[in-house]
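Step one of this worksheet: look at the structure below.
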Amino acid sequence: MSHQPLSCLTEKEDSPSESTGNGPPHLAHPNLDTFTPEELLQQMKELLTENHQLKEAMKLNNQAMKGRFEELSAWTEKQKEERQFFEIQSKEAKERLMALSHENEKLKEELGKLKGKSERSSEDPTDDSRLPRAEAEQEKDQLRTQVVRLQAEKADLLGIVSELQLKLNSSGSSEDSFVEIRMAEGEAEGSVKEIKHSPGPTRTVSTGTALSKYRSRSADGAKNYFEHEELTVSQLLLCLREGNQKVERLEVALKEAKERVSDFEKKTSNRSEIETQTEGSTEKENDEEKGPETVGSEVEALNLQVTSLFKELQEAHTKLSEAELMKKRLQEKCQALERKNSAIPSELNEKQELVYTNKKLELQVESMLSEIKMEQAKTEDEKSKLTVLQMTHNKLLQEHNNALKTIEELTRKESEKVDRAVLKELSEKLELAEKALASKQLQMDEMKQTIAKQEEDLETMTILRAQMEVYCSDFHAERAAREKIHEEKEQLALQLAVLLKENDAFEDGGRQSLMEMQSRHGARTSDSDQQAYLVQRGAEDRDWRQQRNIPIHSCPKCGEVLPDIDTLQIHVMDCII
């Protein structure tokens, strides 16, 4: 711990003391002449304690303000990230809206092309064409079914559009005229322009309404187009019927003319035969001359009628061929229209899905915008709170500075009025306190050094413990090996004892045999010397055995005697542990 001398009583602006914090600085202070030095010292101590409390309070306040500021900065960063995310989503939605507007323009162009084709087909001449009734009725039925299907799809689209408009009306009433819905069936281009120039959520909602209007209008256009096609087909059928009737009339007239020509030919042949039979009479000849002249004129007239009828037949055949070509063209057009009609529902479904997805995105954007507005309101509230806190902080700083100034003035006045003896006592006390603080500082330094040494010792202890664990593991391994060696030594000692016993038995047997041999073959004197030598040798052997069995290895702690050094070491480690 670091110490501060009491002569330096303040931390800021080199002031000797700080504010009391018990009241505002503008209050009138009591006269210092009425107080004794002891009371003044007590007041000084109180002022110092209050100053210390104020310092702690200011530190806590500053820490709280710092924490609050950090939280606000983190929150603002989060808001920035969310705003960036919302901007990216809005850009994607705008791109999708632009793509949908391009698709709408393409569909408009296709509808214009179809209308031009229908007008061209209606302008073609269909005066002298005809079709069979069965095929015409089938085509009429097909066109009627297509018209009914398109009307049903139109009704579905109108229902969807009405639901969307109701939803938009409800959302528009809740958001205070942020949404504008145009119910008039104007042109789609005007709605798209309004979408492009409208800001914020109005643009997103008007796009959905414009698309729904365009869809409904495209369905109406398709219906009108098919009605126009049906009218043109009915007109062509009427023209074909009239052409058929004319052809039938011409065929009947041709048949009648042919019959008349055949009758006249028969008459001429009959008259020629009569002329050959009756050549005598002149009167008859004159009559016959008059008759062929009239017949020739009639034949010429009939030939002229036949040629005119042939010309009319040829014209009728050419008109029939043209009508058949027109029929083929109309059939091809009908097939193309059927293909387009079969492709229109899938396109309508895709467009409906796009409208639904666009609507969902619009609703998401609206919800995000509302959330952003709420967050902006929260940020504004928190900014206002932060400004209030800053104002209070500034006021507290001003009060603190004023208190410091008043304390400086008080300390100056007190320092002028306090006696020299009191000052000496205070200086002595200050010196003693400084010395005590210095001694405590020295003690603290020594304690720090001892703590550092103890930490080093702890580190060495951890190292020593690790070494001890290694040594213990090695020792246990050596102990197990020594136990095995001890067991082997015990077995060898047992074997040696058995061998020694056998050796003693052999030696005793050898002595006895020697004694017997000496008793048998040697003199008695020599026997006595030999016996003495043998007795002496046996005594030496016994002494050597006794010396060998003397216990040398004993434990210094418990005094237990052990046969060898290895077992003694194992026993000593067990006793010590």
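Placement of Cβ uses the backbone N, Cα and C atoms for every residue, glycine included.
Between the listed ranges 132-137, 324-329, 474-479, Swiss-Prot ties the annotation motif 'UBAN' to 474-479.
Residue with Swiss-Prot feature phosphoserine, selected from Ser177, Ser206, Ser212: Ser177. Looking up Ser218, Ser342, Ser513 in Swiss-Prot shows the phosphoserine annotation sitting on Ser342.
What Swiss-Prot records as phosphoserine, among Ser118, Ser171, Ser415, Ser526, is residue Ser526.
Along the motif 'UBAN' (474-479), the predicted structure has mean pLDDT 87.
Residues within less than 8 Å, Cβ to Cβ, of Cys555 (Zn(2+) binding site) and separated from it by at least 6 positions along the same chain comprise Val561, Leu562, Leu568, His571, Val572, Cys575. Proximity of Cys558 (Zn(2+) binding site) to non-local residues of its own chain (separation of 6 or more, Cβ distance below 8 Å) is seen for Cys575, given in sequence order. For the region 'Interaction with MYO6' (412-520), the DSSP-based tally of helix, strand and coil residues reads 107 helix, 0 strand, 2 coil.
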